[in-house]
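If you look up TrEMBL, you'll see 17-247 marked as domain 'Nmd3 N-terminal'. Residues or ranges marked as domain '60S ribosomal export protein NMD3 SH3' by TrEMBL: 250-293. Sequence annotations record features per position, and here TrEMBL assigns domain '60S ribosomal export protein NMD3 OB-fold' to 314-400.
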């Protein structure tokens with residue numbers, strides 16, 4: 001019935017513009033849009049040119065009166081900053097939209113196109129766009145000014161230390177710090193013998209950095225302060241603050257003999273266990289039963305035990321026979337299989353060892369493995385002496401070894417690289433120290449290739465110098481671990497390319 005209804009056609013009413021006489025839709029002003037804009041300019045009295053202060057050292061902008069905001073060009077933060085500078089002007093109109101207009105990065109000009117609305121004649125609402133030009137004037141912020149005047153004029157220092165014979169932990173922490181921009185406020189970073197020193201121009205920045213370290217590693221910290229100056233008239237005190245942060249000496253792949261109290265609190269775990277992962281908790285695995293337990297920071301520092309053997313004492317073994325004795329277990333996201341295997345040190349085939357290992361899923365006859373030689377080790381460990389009648393295995397394997405296969409690829413570049421912190425390094429230690437550092441860093445890169453879980457929280461970048469054709473000579477069926485290309489990020493830091501600098505380490 002509704003389809004057959006007669007509908008009276010309606011025409012849209014039009015009136016003539018009182019200025020130019022063209023037909024138009026009726027509006028309260030009785031003027032067309034063109035004439036209305038000629039008569040009324042709603043942007044009149046609004047600022048079209050604004051001067052902003054920019055610190056070229058830390059790339060931040062001054063938000064009056066004293067706040068410095070860090071923002072990249074054409075970012076959401078910078079657009080918010082620019083609009084806030086017009087806060088008084090925008091009280092007269094209603095802001096509809098704001099967007100950047102592209103300008104040369106070195107022009108020291110930022111242009112923002114604003115679209116505003118305002119009620120004009122007889123209640124008519126007019127919408128209009130206009131461009132505001134922001135002129136950057138270079139002006140260093142207070143922290144950068146102090147640093148330029150005296151680079152050693154820091155307010156707070158964080159002394160990060162770990163009492164071990166290698167720097168693997170610091171290589172990993174360096175990548176975490178870079179990914180999370182944790183040391184972005186550091187005015188100086190200095191490499192020390194057993195750690196790194198970070199210097200900050202503000203105490204709050206140092207406190208925030210110490211909190212970050214506590215979330216990614218088992219640490220304990222203490223702090224102190226020293227009076228630098230005192231103004232008795234204004235009752236102002238200036239202090240220098242020092243934060244001492246110590247990282248647990250327990251590292252991934254360490255062999256640990258748990259103290260009896262700790263083993264009992266963990267359900268009689270071990271006592272010989274392997275550290276499989278270190279975050280703010282320490283993951284411990286019993287290689288003979290595949291039981292896993294976690295120690296939090298407080299639990300560890302309450303007993304504060306050390307490793308029985310560390311990664312620098314790993315020995316290479318040849319695998320002759322593998323007999324699987326259990327199905328595959330998933331422990332903490334990692335797969336393990338118990339197996340009885342026959343091995344011998346690659347330097348001594350005269351002595352064969354029959355041992356049990358948790359690496360039955362990746363080892364096969366003919367492979368090589370890295371492990372701890374308890375048969376020939378002379379360990380004076382107080383915790384080990386507390387276990388009377390404990391029979392030690394002749395060897396405990398830790399991981400599969402790819403050293404023989406790596407010899408074929410030695411000298412060839414990787415398809416990926418890492419960033420590094422702008423760190424002061426003591427060049428007076430000699431060539432032997434430099435070679436030791438390069439060797440440890442190469443070991444860290446190999447750990448990243450072999451362990452996907454280790455590189456999960458890190459940012460790896462594509463190496464522009466890598467040529468895939470160079471790898472064509474590698475024989476097929478090579479099971480040596482590598483980093484998949486889909487895990488790599490593109491390096492888009494144009495400033496480094498333009499300056500001819502490269503802060504990457506391959």
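In case you wondered, yes, glycine gets a Cβ from its N, Cα and C as well.
TrEMBL annotations: computationally assigned, not manually curated.
Packing against the domain '60S ribosomal export protein NMD3 SH3' (250-293) from elsewhere in the chain are residues 164, 166, 168-169, 214-218, 299-300, 303, 305-311, 314, 326, 329, 331-332, 334, 336, 338, 356-358, 372, 381, 383-384, 386-387, 390, 392-393, 396-399, 453-454: each is 6 or more residues past its ends and has a CB under 8 Å from a CB in it. In terms of DSSP secondary structure, the domain '60S ribosomal export protein NMD3 SH3' (250-293) contains 6 helix, 17 strand, 21 coil. Counting residue by residue with DSSP, the domain '60S ribosomal export protein NMD3 OB-fold' (314-400) contains 4 helix, 47 strand, 36 coil. Mean per-residue pLDDT, taken over the domain 'Nmd3 N-terminal' (17-247), amounts to 87.
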